[in-house]
Amino acid sequence: MPDSVSSSSSDSGSESGWIDAENEVEDAPTIISLLDDQTFSDALSMVNYCKEKGFDFLATRDRLGLDFYGCIKLINFVRQKVHEGAHLPKEITKEDLEDDKYLKPVLDDDAFIICLDDLPDPSPAAAGKAAAPAGDAEDLRTKNSELQAELDKLARQFADYRLAVQQTLDQRWGEDDAPAPGAAAGASSSSGGAAAAKSADGAVEKPKDDSKYYWESYAHNEIHEIMLKDTVRTEAYRDFIYNNKHLFKDKVVMDIGCGTGILSMFCARAGAKLVIAVDNSDIIDKARENIFNNGLSSTITCLKGKVEEVVLPVPQVDIIVSEWMGYCLLYEAMLPSVLWARDRYLKPDTGLVVPSHASMWVAPFADQDWVDDHVTFWRDVYGFDMRAMQEGICLDSHIEVVPSSSAAGEPSMFRMLDLHACTTADLVFDVPYRSAATRDADRLDGFLIWFDIFFATDRDPKAVEPADVTAASWSEDGKREDRVAFTTGPFGKPTHWKQGILPIKQEAPAVKLVKGQPVEGNLALTIPKDNPRGLMLKVTWNGEDGKVQDQSWEC
């Protein structure tokens with residue numbers, strides 16, 4: 001029986017031990033010159049550099065009396081001209097900036113726009129020049145009213161603009177159905193679902209996916225709070241990324257299903273050159289805010305949409321990181337999207353998938369207390385027979401944390417997935433399992449399902465061995481330091497995935513367990529036709545009379 005599993009190679013719950021001293025100070029934005037690719041750590045240095053090159057941003061701003069939005073137009077006007085290779089006018093006029101198209105950033109996530117407030121205020125002389133001419137008092141009152149109205153408008157829109165800068169990429173790419181340079185046909189925008197697969201002729205097939213509820217369920221805070229507070233989960237990702245900064249340094253990373261952006265920010269802090277955070281839920285708007293508030297907008301780009309449909313700004317990525325696991329591992333059918341992205345975007349031979357491996361486990365379940373609480377309870381409820389409520393209880397899986405004593409047999413690993421090599425075909429299977437009772441029990445009440453997750457640092461097919469290795473034994477192996485792995489099973493620290501209980505129907509022939517008695521059969525996993533994000537699990541087992549019994553459960 002497996003030992004208790006540590007969530008990772010470290011027991012620390014604090015991030016402070018993992019962030020280099022220089023990273024403890026919030027990252028300064030990288031500001032790109034208006035005239036070329038030169039970069040600066042602050043806005044004033046960039047402005048002075050451009051002045052030396054012949055363009056005085058502050059003088060132009062003051063001469064034209066530009067407000068915040070006018071400055072944005074000026075920035076994008078100059079960047080557009082430079083991008084087109086055109087010469088700037090000898091003297092930029094307000095007429096040059098009239099078109100509202102210059103409110104749309106030319107440079108994605110333009111840090112100079114965000115840092116406009118860091119520049120010196122206009123001089124009193126310039127402000128006076130920009131103001132309405134002195135004279136008629138009525139003209140002054142009219143001008144004052146107009147300026148106040150404009151000020152109110154800017155005050156209402158300023159907060160939204162910061163977010164709009166970062167959303168521009170999404171909007172532009174969402175309007176463009178063409179694949180990125182070198183993109184496979186399957187990456188073009190369509191109404192296809194997440195579970196994409198390749199047909200015999202190599203074409204990408206995208207089955208219909210109407211699971212709008214799935215995306216909406218991830219738009220609210222509660223589910224993300226639960227996941228972030230799952231220290232086994234979150235600290236495993238953190239520890240792997242921070243322990244292996246050399247793998248992330250100057251690399252391009254894609255975070256699939258980024259949620260609040262926590263994994264993307266881990267990668268950025270570890271030194272990634274670019275992190276592309278993808279999510280089809282509205283939570284990505286919160287992720288953008290989180291990323292901006294932590295000073296990482298210059299490194300992390302957020303894209304809203306299905307990974308099969310968004311167009312990346314790069315043809316390939318070095319690393320794919322994703323927390324795709326669902327109940328019983330494969331519930332929610334997110335893994336096919338990760339595999340699709342792996343085949344479409346990950347660099348062959350050298351690209352890494354994080355985590356790298358996942359194994360699925362089953363064990364006999366015997367827990368009379370659980371049966372009394374969930375099944376026989378209905379036979380006498382305050383003196384009333386409510387056994388009608390029992391209908392269907394044993395046809396569905398139950399996701400709960402159970403005590404380790406509920407496992408009445410040796411765990412059996414029935415599926416190992418190498419995420420660098422497996423395909424969607426490997427996610428539907430019918431395989432044998434073999435266990436043996438570890439104690440006597442009056443009745444076999446069902447089966448427990450859980451999974452282990454491994455974070456290997458390379459693509460070596462033998463990185464996680466032997467085939468039935470547990471997360472505990474692999475991560476504690478003294479041959480290699482800093483191995484990270486975790487279990488969701490009953491022998492480790494509880495996680496938000498809990499365990500899947502497959503209860504046997506009470507009317508089924510009872511199987512009494514005797515310590516050492518074999519419990520074996522087959523376990524099949526299929527996808528219900530009416531619920532593409534669900535699971536159907538079927539288990540067979542040997543009865544006392546030698547007759548094979550079987551039952552199916554929906555998850």
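Each residue, glycine too, has its Cβ placed from N, Cα and C.
All annotation found in TrEMBL is predicted automatically rather than curated by experts.
Which of 25-52, 53-80, 137-164, 501-528 counts as coiled coil depends on TrEMBL, and there it is 137-164. Per DSSP, the domain 'Methyltransferase' (253-348) is made up of 30 helix, 23 strand, 43 coil. Across the domain 'Protein arginine N-methyltransferase 3-like C2H2 zinc finger' (63-105), DSSP classifies residues as 26 helix, 0 strand, 17 coil.
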